[in-house]
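Below is one structure, written out as structure tokens; comments come after it.
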Amino acid sequence: MTSVPCAAAAAMAEEERALLGPAGRQEDGGGSAATPSVLPAACDPRRLAHRLLVLSLMCFLGFGSYFCYDNPAALQTQVQRDMKVNTAQFMALYAWYSWPNVVLCFFGGFLIDRVFGIRLGTIIFSIFVCVGQVIFALGAILNTFWLMDVGRFIFGIGGESLAVAQNTYAVSWFKGKELNLVFGLQLSMARIGSTVNMNIMGWIYSRVQDLLGYTGPSTLGLTLMIGGVTCLFSLTCALILAYLDKRAEKLLCKEQGKTGEVIKLTDVKDFSLSLWLIFVICVCYYAAVFPFIGLGKVFFIEKFKFSSQEASAINSIVYIISAPMSPVFGLLVDKLGKNIIWVLCAVVTTLASHIMLAFTFWNPWIAMCLLGLAYSLLACALWPMVAFVVPEHQLGTAYGFMQSIQNLGLAIIAIAAGMILDTRGYLFLEVFFSACVCLSLIAVVMLYFVNHLTGGDLNWSAKKREKLQKAAETEKEI
Amino acid sequence: MQYNPGWNGSSVNLLHVRAVGRGDTLHYVWSSIGAPAALLVATASGSSALRLNWTRLLSPDPTGAVWIEPASSVVYSAAVVFTKVFEYSQTKMLEELFYPTYDLSDFSWDSVNGTLNHTALTAEFKGVPATDPGGSFSNGSLAFRVTAYEVGGRDGPLPSLLHTANSSKVEFVLAGVAPRGNSSRFALEVAMVEEPGVAQKLRSARSIDDEYTPTIFEMLSLVAESQNDSSPLSFLQWKATAYGSQTPRREDNIQCRSHSLQAANWSLPVSSLVHAYFGEGVGSTYTISAINISFGGEDGQVYQEKRYLSWSVLLGFGQPPKDTFSPLVISIMAVALGTPMVMLLVGSCVVFFAQRKRYSEYEPIN
């Protein structure tokens, strides 16, 4: 579930363009004088009350998929015990989620813009998520692990594209107004979904166990079915949102939202060295964070002797921290610029936290809080960098490509991590993750020097950027 | 390695393992006469030998039937006796319900002769209860697998304990034994006989290194220390895990807990070997301490499914071996951390010279 920062950043960049474009800032509540208000506030698409309703629907649209994405992590012990699978097979559940997205990242935008439209697209993706989760749960009930893999695959087809659809909706309803805030809220909601999942699934499992009186595949399946209710809830949100969007279209004569992504795979050969380095940073960094969280719960139980609840809590701290800190760091990076330095800080902090987890018995809360901070900072500093090194018309391709290889990296590393854990244990796993972060660090250092030597603008402070932008504008005017 | 030295017959089992070093000899004597036991004797002579009086040993009073010659060369001796296997289940009220205990001195043991492997230095003591009214052992058995080592190293199969040439491994195996309850768990009682002036200490060490025994961080050791200078004399060492499979993998791991060490003031079950060597003083002159090792976590289901349990423990003289980081881990960390540093240095130099060059190009304007 990593597309959000990317899609958000892409849309943010788009919004920036909109703001800087000739039209300038759009008038607030465009066309409010044209039609006399006869509808109550909550039903009037121009009024704040209605937009808040739409906003909450948008936020809950992604809740189900974020909730269910980390179901395996929350139930690792139960999954491994009931389905009798080793850790490598367990981690394949995450890999199967990532595989379809290696390809789909390029087509999500295309499907929404050209094939389905945003409304139908969102509903279809939500249905994929629901069906995927149901098959996942059925696989558990029928005690067939491969069916669970199939479920995760279908779930993955829907999940990532749904995030793109969610962002497209946000741009279409809030462009030029509260867009950054809306993105922030959506991101926070996603994190809340993951956090709630981490902390509640174990409890649901034990209740189901009490109800059935035994543990086994059917207990697991029933628990996952109950988790799937959140997907149904999100599907309902998608349906209501489609209705409201359609209605707003009629009332306000507004166009159906589009991602505006143009993907041309031939652009890949024009990518600069800097962009490739950014890709490396991205892949290696996320590979050391998400698979780690996938295996985290049992790690804290086995190495640090945490209780199940405590382990769930600490495993979700990364998400909890990133919910409030993402907007803060976003603002900070925007104000100060110097993106590479921030990325460097984030990577070094992550490295420190992995080394702490590997080589010490220090209270893991310290390391996990550091990881949470670093993760939030990286997302805010890394993704916008792409916009600086790629011409505008290639932005869609660059983001699509970045997501694609990120998913590829996640899928491979997830399986590798499972295999390493089974044969070599946690110390080696943490050393492996540290090595991944180090690779990412090497890429950051290289990026710094490449940028320095080629006179790139990645590491300028915000002030300098502004000055140069002004200079460029005046030059144009002349 | 010698089987029943000086006795023709395999109705009883006695295995003598001799490790000869420069100026010292270590004797391990394993026997299933009575409860299965191991006698550990360290001698300061390169030619010390084990002597047995078989008629005496097999008589009801075996005192003095086992001795070392020359007696003056004996530096230290101790014995480990595996006395009982408990089976119990935990009720919902967290009470422990005990089933009748299996007393290992009442077991009938198969001949070790057929299981001897003189190249791998292994042997297996396999037994079933002499009377088995419940039929739990009809398809199963209990066994102690003994491995002696010629050189230091590390076992291949899990838990991959590190061993020295001075140590031996014994593996407690419960295979196919039908549990008597739905959530039965087993516990093994191990008793140690020590010389006067020697104290047993149970140490639990948590290590960050689980590379050789994945996901197991706890290493327990029971060290016999001399009370004078607290120098370690002998040890039992084990990882806090048992495995539920003949080819153990990480996911077969069965939680293993050690209960506190207790001075045993009860009389030791008749273990002929111990009485034969230490004589009547066992329990008075020679102190006995005992520890229970229980297998199975919150739910004892792993055994129910697999019907197999194996737990390994290392016995030896001196200091228990300590794990260190593997060269692979060290080299990965060194390369991973070193490369960015080197790049930072090289990069700084390149940038520095590039800038100087650029400035120097402008200098001639003067």
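Glycine is no exception: its Cβ is also placed from the backbone N, Cα and C atoms.
Annotation source TrEMBL lists domain 'Major facilitator superfamily (MFS) profile' at A:51-454.
Residues or ranges marked as transmembrane segment in TrEMBL: A:52-69 (among others). Same-chain residues lying 6+ beyond the ends of the transmembrane segment (A:52-69) with a Cβ under 8 Å from its Cβ atoms: 1, 4, 42, 45, 97, 122, 126, 129-130, 133, 136, 155, 158-159, 162-163, 165-166, 169-170, 173-174, 182, 185-186, 189-194, 196-197, 227-228, 230-235, 237-238, 240-241, 244.
The transmembrane segment annotation in TrEMBL covers A:89-112 (among others).
Per TrEMBL, the feature transmembrane segment maps to A:124-147 (among others).
The annotation transmembrane segment is assigned in TrEMBL to A:224-244 (among others).
A Cβ distance under 8 Å defines the sequence-distant neighbours of the transmembrane segment (A:273-293), meaning residues of its chain 6+ beyond its ends; these are 2, 70, 73, 91, 94, 315, 318, 343, 346-347, 350, 354, 371, 375, 378, 382, 385-386, 389-390, 398, 401-402, 405-406, 408-410, 413-414, 417, 433-434, 436-437, 439-440, 443-444, 446-447, 450-451, 454, 456, 458. The feature transmembrane segment is assigned by TrEMBL to A:273-293 (among others).
Long-range contacts of the transmembrane segment (A:313-333) within the same chain: residues 73, 180-181, 184, 187-188, 191-192, 194-195, 198-199, 289, 293, 296-297, 300, 306, 339, 342, 364-365, 368-369, 371-373, 375-377, 379-381, 384, each at least 6 residues beyond the stretch ends and with a Cβ under 8 Å from a Cβ of the stretch. Sequence annotations record features per position, and here TrEMBL assigns transmembrane segment to A:313-333 (among others).
What TrEMBL lists as transmembrane segment is A:340-359 (among others).
Beyond the transmembrane segment (A:365-389), the same-chain residues lying 6 or more positions past its ends with a Cβ under 8 Å from any Cβ of the stretch are 5-6, 8-9, 12-13, 16, 272, 274-275, 278, 281-282, 285, 289, 314-315, 317-322, 325-326, 329-330, 332-333, 339-340, 342-343, 345-347, 349-350, 352-354, 356-357, 395, 398-399, 402, 456-458. Annotated transmembrane segment per TrEMBL: A:365-389 (among others), in sequence order.
Under the heading transmembrane segment, TrEMBL lists A:401-421 (among others).
Taken from TrEMBL, the feature transmembrane segment covers A:427-450 (among others). For the transmembrane segment (A:427-450), the residues of the chain that approach it from at least six positions outside its boundaries are 273-274, 277-278, 280-281, 284-285, 287-288, 291-292, 295, 340, 343-344, 347-348, 350-351, 354-355, 357-359, 413, 416-417, 420-421, 456, 458-459, judged by C-beta separation under 8 angstroms.
Between the transmembrane segment (A:124-147) and the stretches A:89-112, A:224-244, A:340-359, the greatest number of Cβ pairs separated by less than 8 Å involves A:224-244.
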